[in-house]
């Protein structure tokens, strides 16, 4: 069903297509049928031959079906060109416009002037009738505001500027002087050259610049004033546009100034080529088919027929105007026909025929003419259309050219000046700058005067320069024979480009500063300085071959050996020291606890009557732990228990390892060589990682700065370091020495010099961004090749190596640095001062502690004296009390005795009670319960309670130290004051048994 439906739709689709196409085809047939079938082509020609050829060409055209549609016929209407432009205007109106001409072909004699063709163009253009010129080459006809409908099959004179550019590129001339008249054509050719050169040199390597523009008034009488300016210029290539008459004057005066001979190059336009005094060797241009009116007539007719044919097929053509008196006529078809004409591109008898927006012929061919002896013109090249590449191509046979002075060898095109303006910049060690003293009038023999460039302050210009580049300059000037004036950079910078608005312009343009800016603006001839060769600079200036190859590297300060007061603590980190200190006291505490609580911690020798040894106290444990750690002798206070002794052995092993490690590491820190760098190079992660606390920088606007901008992989790093960049390299190097900047990225030559001069600085990593230092010159400078060859000779002869050793590496200084690095380090007071200070602190601590102990002891003695006085007073008081008690007791006992004696015993005998208690020996301490009252020293005083008298006498009561003890009363003798024997009397007895009287 689907297939059947699809087949059913085919007739309907076919009917739809027929209905849609039929109106279009009908409209086309209607348009073609509405267009005129006959077309009159007017001709304003200069002679009868041209008129006849014009008529014949149109007749032949009617039989050419390629250009003429069916039922279309062309007719010619011609008039003779009149020298009177007014009469020409009337003839155009009466004989051409009245006959409804659709276009007009115009030619005239080259010597008759362009007023008549202009009159035809004005008249026809007023009615929008296209005009095709075949001989008018003035620039005025390119102005479409005046000649609104004018085309031409010949190019204007100022189009020769395009050929000039091709010739300059072929001969590799980079500087030219343009000579032109001040009329419209002269200024047009200058404008064409300047405009075209801006886009032309994008595709070629050699760029030509205009050094001098000489403009003169037509109808010259003398050209000598301009020749004086031209003679002082550097360029010797002259591009001249002048009429034949003016060219004669210019060549005459130039010959008198010897400016048409050897070394000079003249390239002129067609008019000047026909001067009767054109010098030998002049190169000129001549338009191909320039005088072939018949060829141009045929090409113009066929171009017109081609445009009308296309217009007929696309739109309706209204009839041409018929009455010159009708000023209201506005022929739109004529305007449209003019646009069709400009779009034509055909191959005709005069070559490839095409037009630009102004209606001027493009792709016109030229012959390159070389003037020989006796004004003979010899074709040495062609500028023609290349159909394969669809563009114009220059072909010149250099071997056939005879140059001015009858030379076969191409001139250099420039005058090489022998006195140059040189610029330099202060950059150690390449250029040292010294201000002259007030009493100095000249520089040293190895120095050269170098005032500030373009500085009017006389006092600020007194500088002398020396160094690597100055020695190179002195030798270079001798080798290639030039003199110079040396000056310092006006702003102290190498130069970088900035984008700046031009006055009255909407676009930004690059502008160079510093040394490069002076060279680009041609205020200096050469830069002799450590100028890095890079693509940005090479686009605007010339460079010699490098006189020193180098790259980019990193400067940093060497890691210092920390010779501080606590340098002896460096082998261990702070954390490790803290752990060791904690371990000492923890082990001491554990030793004390193990020895305290161990059941086997206290022991005594077998069969020994001595008391058991005491356990290890905390103080002794700390002393033991420190003694083992510091490897000092342990005389007392060692652990007693087995468990504590095991821990002590382990602690001794720990102490041995710690002390050995400390000793070895201390030697490594204080004696062995330190690491040279912190960074491994540009690829170090710390440089790439923007989060690291590491500052790096370069000099802003320098070649290194440009390098980082170009490198995409370094963009993150550049954004970080951009804010830290310095104005000069000197400032950055000083900050590296002070430790304010960790890494300075700069040219390796300068940094190697700084590292060789200061042993504390070192370059890190390998070179990157390799380039070289070159001598800068102006674009197209004649000195470029000579300077390059001289530098290559210097490399071969070893002169550059000599400069490296003398100025950069500082041989003796570098050897001293290497000796310093290789010699083992000797420890001095600076390294070990902390240890001595530690001993001093120990001594001071000991003295301080003994002072504290003395003060404390004095305080204790005073306190003890007060206690002794109080105790003595208490003892005396206690003795008095005891004495009274004893007397009372004695009296009471005597009374009892007297009573008992009278009642029981016989007189003359007494029975004394015996104290059976054990008394301590002399000097033995007793407990408080055994102390005798009044004995301050707690030493037992034993006295005899009774002293027996002689036989027949009654015994005397001496004393009693025991309250309540019965005292014998001997008779009625009254007790007298007791007489106490001295303490520790040898008459002491420890036992009293019986006393018998």
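Here the Cβ of each residue, glycine as well, is placed from N, Cα and C on the backbone.
Going by Swiss-Prot, these are the annotated features:
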| type | residues | note |
| --- | --- | --- |
| SIGNAL | 1-26 | signal peptide |
| TOPO_DOM | 27-573 | topological domain 'Extracellular' |
| CARBOHYD | 258 | N-linked glycosylation site |
| CARBOHYD | 314 | N-linked glycosylation site |
| CARBOHYD | 345 | N-linked glycosylation site |
| CARBOHYD | 397 | N-linked glycosylation site |
| CARBOHYD | 454 | N-linked glycosylation site |
| CARBOHYD | 481 | N-linked glycosylation site |
| CARBOHYD | 501 | N-linked glycosylation site |
| BINDING | 530, 531, 532, 537, 703, 747 | glycine binding site |
| TRANSMEM | 574-594 | transmembrane segment |
| TOPO_DOM | 595-651 | topological domain 'Cytoplasmic' |
| TRANSMEM | 652-672 | transmembrane segment |
| TOPO_DOM | 673-831 | topological domain 'Extracellular' |
| CARBOHYD | 693 | N-linked glycosylation site |
| TRANSMEM | 832-852 | transmembrane segment |
| TOPO_DOM | 853-997 | topological domain 'Cytoplasmic' |
| REGION | 970-997 | region 'Disordered' |
| COMPBIAS | 987-997 | compositional bias 'Polar residues' |
Sparsest-packed among the recorded positions, when each Cβ's other Cβ atoms within 10 Å are tallied, from 481, 530, 537: 481
Other parts of the chain folded back onto the transmembrane segment (574-594), taken as Cβ under 8 Å at six or more residues beyond its ends: 601, 616-618, 621-622, 624-626, 629, 639, 641, 643-644, 647-648, 651, 654, 658
Extra residues within 8 Å (Cβ to Cβ centroid of 530, 531, 532, 537, 703, 747), glycine: 494, 533, 534, 702, 771, 773, 774
Distance [Cα-Cα, Å, rounded] between residue 530 (glycine binding site) and residue 454 (N-linked glycosylation site): 21
Secondary-structure category, per DSSP, in which residue 454 (N-linked glycosylation site) falls: coil
Mean of the pLDDT scores, which run from 0 to 100, over the topological domain 'Extracellular' (673-831): 81
Recorded positions compared (258, 314, 397, 532) - highest count of Cβ atoms within 10 Å: 532
Residue 454 (N-linked glycosylation site) and residue 537 (glycine binding site), Cα-Cα, nearest whole angstrom: 23
Cβ packing number for residue 345 (N-linked glycosylation site), 10 Å threshold: 13
Alpha-carbon distance [residue 531 (glycine binding site); residue 314 (N-linked glycosylation site)] in Å: 65
Around the Cβ of residue 703 (glycine binding site), the count of other Cβ atoms that are within 10 Å: 24
Nearest-integer angstrom distance between the alpha carbons (Cα) of residue 703 (glycine binding site) and residue 454 (N-linked glycosylation site): 25
